[in-house]
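Participant: Here it is: the structure, laid out below.
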Amino acid sequence: MSDRVLIKGARLYGEGEPVDVLVSNGIIAEIGSPAVSGDTEVVEAGGQVLLPGFVDLHTHLREPGREDAETVESGSAAAALGGYTAVFAMANTDPVADNSVVVEHVWRRGREAGLVDVHPVGAVTVGLKGEQLAELGTMAKSAANVRIFSDDGHCVDDPLIMRRALEYSTALGVVIAQHAEEPRLTVGAQANEGERASRLGYAGWPASAEESIVARDCLLAQHAGARLHVCHVSTAGTADVLSWAKDRGTRVSAEVTPHHLLLTDDRLETYDPVNKVNPPLRTGGDAARLRAALAEGVIDCVATDHAPHPVQDKDCEWAVAKPGMLGLQTALSVVAETMVRTGLLDWRGVARVMSERPAEIAGLPDHGRPLETGEPANLVLVDPDAEWTVRGAELASIAANTPYEGMRLPGVVTLTLLRGRITAREGKIG
Ligand SMILES: NC(=O)N[C@@H](CC(=O)O)C(=O)O
Ligand SMILES: [Zn+2]
Ligand SMILES: [Zn+2]
């Protein structure tokens, strides 16, 4: 295949007149009306929107340990098809990614798949048990160059351990990403605490279990001069806490998932565990506030929390089903539906929340870059007017637990380029 790609007639950030973009040697070589030589692959963009490739700070690739749900390879394919050029693979694997052997393994598997930059997240504590700090320094200095640490799936609830992790992180220049859930407040929790959960007989997961940890961690981070990242913000109250913390100069960033922007606890009525997720789907008021907070920058970015589960862990009684839902291939469309169609964000704003901010938070030098000559060609082309119908069985993930089954959504990823190489085109890999 040619190493030169000419994207003809794309609108950069969805703005202005269509231009031609020549990609060569992994970079954007020319923007305007470049001359085409023989050995150039031409992509007719027809006025579609060109954006920097998306960066997902929160993905579960399940390898090692649960290859029946996802592998680095299948998850990388889902990522490329979703318009991603970099993903961060969470540490709650089996064995846990709490040492340099596991993080280097995941990193190498990502390189072998070659569809997206796979950056392993390291665990904060040994075995995600919340008792003893993992060797953050060794993982940071390993070949995997770990930049984000998280016990995601579990909250680092002991304030002393969290304080030590934050203090240690400053010396390493890394970020601690917290799954904010006070475990004493969510014992047996199954769904958002409220009238609907009580009526259906589900133990409630109160907003305060998230908000109290976020407030505590903002204070700990501020005192330590450390950087904190808040995973999957799900409540209006957390947006308030973040707004307060940012106003007083706390170095805190935050993500919201597509499902918390679009779906609400109305979904409980279905009794279908595909809708079970942690933190749980909240109220319409929460979702509205999360959208506004994302538009305002109180919440920095969108992260998928892509959480594949095999059928036996989802196709069962609600109480025993595992929480989590697929997200990589539907994220752009859900953002288009909730943020672009509503007028809350334009496409430049989408570039900010899905590419630029996450790349900055993670410290990735080659992603989330401006669409300019000389910049790395990590790019995604989106057809903003096209719609598609989500079918779990057709997604690239091994698991099929999408909550959007049968939904028609706007925004289709038509091309993804990683360092100038086509990784996905018209819904197909490579
Ligand atoms: N989000 C989820 O419901 N599940 C995640 C864990 C997590 O993100 O907390 C998983 O690993 O399955
Ligand atoms: Zn989590
Ligand atoms: Zn997660």
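First residue shown is number 1, and so on along the chain.
Placed from the backbone N, Cα and C atoms, the Cβ positions cover glycine too.
Annotations in TrEMBL come from automatic prediction, not curation.
In case it's useful when we look at the structure, here is the feature table from TrEMBL:
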type     : residues                                                   : note
DOMAIN   : 47-235                                                     : domain 'Dihydroorotase catalytic'
BINDING  : His58, His60, Asp152, Asp305                               : Zn(2+) 1 binding site
BINDING  : His60, Leu61, Arg62, Asn92, Asn278, His309, Pro323, Gly324 : substrate binding site
BINDING  : Asp152, His179, His232                                     : Zn(2+) 2 binding site
ACT_SITE : Asp305                                                     : active site
Participant: Binding-site residues Asn92, His232, His309, Pro323: which have a Cα within 10 Å of His58 (Zn(2+) 1 binding site)?
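Facilitator: Checking each Cα against His58 (Zn(2+) 1 binding site), the hits are His232.
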Participant: May I ask which of the binding-site residues Leu61, Asn92, Asp152, Asp305, His309 have a CB within less than 6 Å of any atom of ligand 3, listed in sequence order?
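Facilitator: Going through Leu61, Asn92, Asp152, Asp305, His309 in sequence order, those close to ligand 3 turn out to be Asp152, Asp305.
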Participant: Restricting to the binding-site residues Asn92, His179, His232, Asn278, Pro323, which ones have a CA within 10 Å of the CA of His60 (Zn(2+) 1 binding site)?
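Facilitator: Taking Asn92, His179, His232, Asn278, Pro323 one by one, the ones whose Cα falls within 10 Å of His60 (Zn(2+) 1 binding site) are Asn92.
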Participant: Given the binding-site residues Asn278, Asp305, Pro323, Gly324, tell me which ones have a C-alpha lying within 10 Å of the C-alpha of His232 (Zn(2+) 2 binding site).
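Facilitator: Matched binding-site residues: Asn278, Asp305, sequence order.
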Participant: Near ligand 1, which of the binding-site residues show up if the criterion is a Cβ under 6 Å from one of its atoms? Options: Leu61, Asn92, Gly324.
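Facilitator: With ligand 1 as the reference and 6 Å as the Cβ limit, the list reads Asn92, Gly324.
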Participant: Less than 6 Å between Cβ and the nearest atom of ligand 2 is the rule; apply it to the binding-site residues His58, Leu61, Asn92, Asp152, His179, Pro323.
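Facilitator: Asp152, His179, in sequence order.
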Participant: If you count the C-beta atoms lying within 10 Å of each candidate's C-beta, which of the binding-site residues His58, His60, His232 ends up with the smallest number?
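Facilitator: Each of the binding-site residues His58, His60, His232 was scored by Cβ atoms within 10 Å; lowest is His232.
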Participant: What is the nearest of the binding-site residues Leu61, Asp305, His309, Pro323 to His179 (Zn(2+) 2 binding site), using the Cα of each?
Facilitator: Asp305
Participant: Enumerate same-chain residues with a sequence separation of six or more from Arg62 (substrate binding site) and a Cβ-Cβ distance below 8 A; give 'none' if the list is empty.
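Facilitator: In sequence order, the residues whose Cβ lies under 8 Å from that of Arg62 (substrate binding site) (at least 6 apart) are Ala69, Glu70, Thr71, Gly75, Thr93, Pro308.
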Participant: Around the Cβ of Gly324 (substrate binding site), how many other Cβ atoms lie within 10 Å? Please give the count over every shown protein chain.
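Facilitator: Result for Gly324 (substrate binding site): 23 neighbouring Cβ atoms inside 10 Å.
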Participant: Go through the binding-site residues Asn92, Pro323, Gly324 and tell me which ones have a CA within 10 A of the CA of Asp305 (Zn(2+) 1 binding site).
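Facilitator: Those near Asp305 (Zn(2+) 1 binding site) - Cα within 10 Å - are Gly324, in sequence order.
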Participant: On the 0 to 100 pLDDT scale, where does the domain 'Dihydroorotase catalytic' (47-235) sit on average?
Facilitator: 98
Participant: When a 10 Å sphere is centred on the Cβ of Asn278 (substrate binding site), how many other Cβ atoms does it contain?
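Facilitator: Taking all protein chains shown, Asn278 (substrate binding site) has 18 Cβ neighbours within 10 Å.
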